[in-house]
Amino acid sequence: MLESFLNENFGGVKPKNTSEEALQRWRKLCSVVKNPKRRFRFTANLYKRSVANAMRRDNQEKLRVAVLVSKAAFQFIQGAQLSDYKVPEEVKAAGFQICGDELGSIVEGHDVKKFRYHGGVNGIAEKLSASTTEGLSSDIELLNKRQQIYGINKFTESEVKSFWVFVWEALQDMTLMILGVCAFVSLIVGIATEGWPKGAHDGLGIVASILLVVFVTATSDYRQSLQFKDLDKEKKKISMQVTRNGYRQKMSIYELLPGDIVHLCIGDQVPADGLFVSGFSVLIDESSLTGESEPVMVSSENPFLLSGTKVQDGSCKMLVTSVGMRTQWGKLMATLSEGGDDETPLQVKLNGVATIIGKIGLFFAVVTFAVLVQGLVSQKLQQGSLSSWTGDDALEMLEFFAVAVTIVVVAVPEGLPLAVTLSLAFAMKKMMNDKALVRHLAACETMGSATTICSDKTGTLTTNHMTVVKTCICMNSKEVSNKDSGLCSELPEAAVKLLLQSIFNNTGGEVVVNKHGIHEILGTPTETAILEFGLSLGGDFQGERQACKLVKVEPFNSTKKKMSVVVELPGGGLRAHCKGASEIILAACDKVLNANGEVVPLDEESTNHLKATINQFASEALRTLCLAYMELGPDFREKSQEELLELIPKIQVMARSSPLDKHTLVKHLRTTFGEVVAVTGDGTNDAPALHEADIGLAMGIAGTEVAKESADVIILDDNFSTIVTVAKWGRSVYINIQKFVQFQLTVNVVALIVNFTSACLTGTAPLTAVQLLWVNMIMDTLGALALATEPPNDDLMKRSPVGRKGNFISNVMWRNILGQSLYQFMVIWFLQSRGKSIFLLDGPDTDLVLNTLIFNSFVFCQVFNEINSREMEKINVFKGILDNYVFVGVISATVFFQIIIVEYLGTFANTTPLSLTQWFFCLFVGFLGMPIAARLKKIPV
């Protein structure tokens, strides 16, 4: 069948006549193909083979590229040529070999390649014409050149808002805008009906009053803005330890320049971008920049330090590379707009009070307007002229509306927040003079409510200067004098050698030679005292440091309460030295040096002897420390909740307290016992307690930057008496605001009730819009200025603090407010009902004279009530009044302008000149409020 098929289709194909040998080869190959095993073994998948080949070629190419890149990177890091980086001409001309942008890119980008390319820390220091050991030269000309090339360590500050911006903000007040519309309509209608200038008097009077209120408010806000700007500058003054010309010195961070060597330790804020030079166990908190809570370990492998971050642990030397706006922190600050000041808790509380009173005022204003309009309509009904309305009727309606709006203006106590701000600003300025820098506004008012002060002892209650006065060496206690080295001869030589090795190697301090060739000890008071003791024993700081090589350093940590070093001895071998709290170090020891300087086991008898010695030293108010070494080859925080509640009220002194102890104590005092807690401190270990407290006070001289950052107030002179001054000013702020609230609420109540009741009963309002605006300014701005700036007196500290649960508007205040309001209301109603007959008023201007009498009496009632408000409980309100020039000035200005308004501005203020008898009556009515206030103060509440 196959042969027939082939013949049919391929019969024309001639045979190849292949030789027998070729046929045999062909048959042999066919037999191989017919074999199933051989067939599948040798038959290839050509597609897969091509894919595999392509992948192989691709991988080989990738591998080749990776090898080439690695090789190129290695060559770049290790052997890049200097010509690859071009130094700008101006930088080269100034004598430097690296520009600011290049330095910024190295540190900001953590660029290890560029860092190594420029030769590491030493290479960059060389290119900055600086030394990692000597620092910069103090030559003024060179420093000026450096400033021109690299800039200064200051951030661009937002511009102070101009006075006219505050004017514009004051004009945004909705009630003033409504009054402005009323004034405009009044001008149009008045001029159209009565002509110029008579028809413009009412409108221009309202405009003048609005402008006066706006400019007084803007001036007050502008002055506060300038004052807070000055205080903000004071807050930013920070000094650091810097090496220049080979000498270590304290220097403002604003004077730092690239090339400076800065010494950082626990609690410091990194003042500029820089590179790690040397140090141990450095942990940096970068949360302010990155938001990451985990600290970053900085070392020679990761040498980058960023401005604005904080040293959480360890200590190091840093080479400054970028300053000011070239730092990452500076660039971040440049992108942020200036935020508004947060309102203090009291401002928030008073804003709430103002809102409630404002709503009540709005209700009365609407009702007053409705009653006045209804009276006008009733009058026109009686006259039969309801269908004909004249321009005079429109003006009268407009006046009704203006009175209603002005009632809202008077009713809303806008001066409450203003009084708080004024009082706080005044207190902050005065406290600055008393060496207390307020960082947060709320701290002023909170300090007035403080019921408990938790004070750190070291550096706060003590002078922050220490000396070694007693020692227990080789089991023998001795008195110490730092003036001679007699003690050295009494001790075994081996013990003295060990002691000096421990003192000079296991320290966070340093002994340096200053410009005058005198030895100077740098470090904390504790470190200074121990180093002084070591020098008195005849020790050589530099000699000891050079004799031993530091292998490992664990800086002091407030949690562990100890610090340790491991040194490599000159003859080989390692030795660990440990220093810290006596009870902690003693508990870790199992051997002791005896009187002969020999190492013996620490048995129970020796332990008891040492514990007794420690307790004896502590009972003499001495701070005890223990030094130990090793050759290498029940607490407060652990008590239950029930025990804490029983123990805390009894605590007066808590010794050897850790940061957790302090935080726990403060937290329980605040939450469980409801105390308003003030905490003082100076160290990083105080930061948690300072942050937890209602008000934190940090020491300005001895305090770390972390402690200052966590504090609300910085005590600039480190004097505990300044804390008492802060408390006094805090109470003064609180009392001053209470005085103002008492004064303002009295005016509010009387003005509201008088206009409302008069409108309801007589159909007219005795106090016009312009008059109410003047009263509002007396009450709000001038009243706040007078009462919010009263200085504190010594009697304030004899009063109990208000506390967390105390009411701001006390029963005493309510007594004075209601009593004065009742008296003033009776006086005004007496004048309204009997005024015409008593003063024999007759004629066309009778109502105008009577309303002027009412207005003048009302204002003088407020003047004398303002004097009454100087004391809420004491009868003698004149004590110290002449010492407060602001108060005297405000009262004098108020009386002066009141005379001007009544006698000369009657056209605008709807008043008329009064006779001498009428003036004396107004003065008498106002003055009568003073004996009434004195009588009120005798009523117990």
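Cβ atoms here come from the backbone N, Cα and C positions, even for glycine.
Curation plays no part in TrEMBL annotations; they are all automatic predictions.
These features come from TrEMBL:
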{"type": "DOMAIN", "residues": "115-191", "note": "domain 'Cation-transporting P-type ATPase N-terminal'"}
{"type": "TRANSMEM", "residues": "174-192", "note": "transmembrane segment"}
{"type": "TRANSMEM", "residues": "204-222", "note": "transmembrane segment"}
{"type": "TRANSMEM", "residues": "356-377", "note": "transmembrane segment"}
{"type": "TRANSMEM", "residues": "397-427", "note": "transmembrane segment"}
{"type": "TRANSMEM", "residues": "745-767", "note": "transmembrane segment"}
{"type": "TRANSMEM", "residues": "848-865", "note": "transmembrane segment"}
{"type": "TRANSMEM", "residues": "885-906", "note": "transmembrane segment"}
{"type": "TRANSMEM", "residues": "918-936", "note": "transmembrane segment"}
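Outside the transmembrane segment (918-936) by six or more residues, the chain places 815-816, 819-820, 823-824, 827, 839, 849, 853, 856-857, 859-865, 867-868, 875, 877 with a CB less than 8 A from a CB of the stretch. Residues 743, 746-747, 750-751, 754, 766-768, 771, 774-775, 778-779, 820, 823-824, 827-828, 831-832, 835-836, 839, 841, 891, 894-895, 898, 902, 906, 910-912, 914, 918-919, 921-923, 925-927, 929-930, 933 of the same chain, all 6+ positions outside the transmembrane segment (848-865), place their C-beta atoms under 8 angstroms from a C-beta of that stretch. For the domain 'Cation-transporting P-type ATPase N-terminal' (115-191), the model's average pLDDT works out to 81.
Secondary structure by DSSP for the domain 'Cation-transporting P-type ATPase N-terminal' (115-191): 49 helix, 3 strand, 25 coil.
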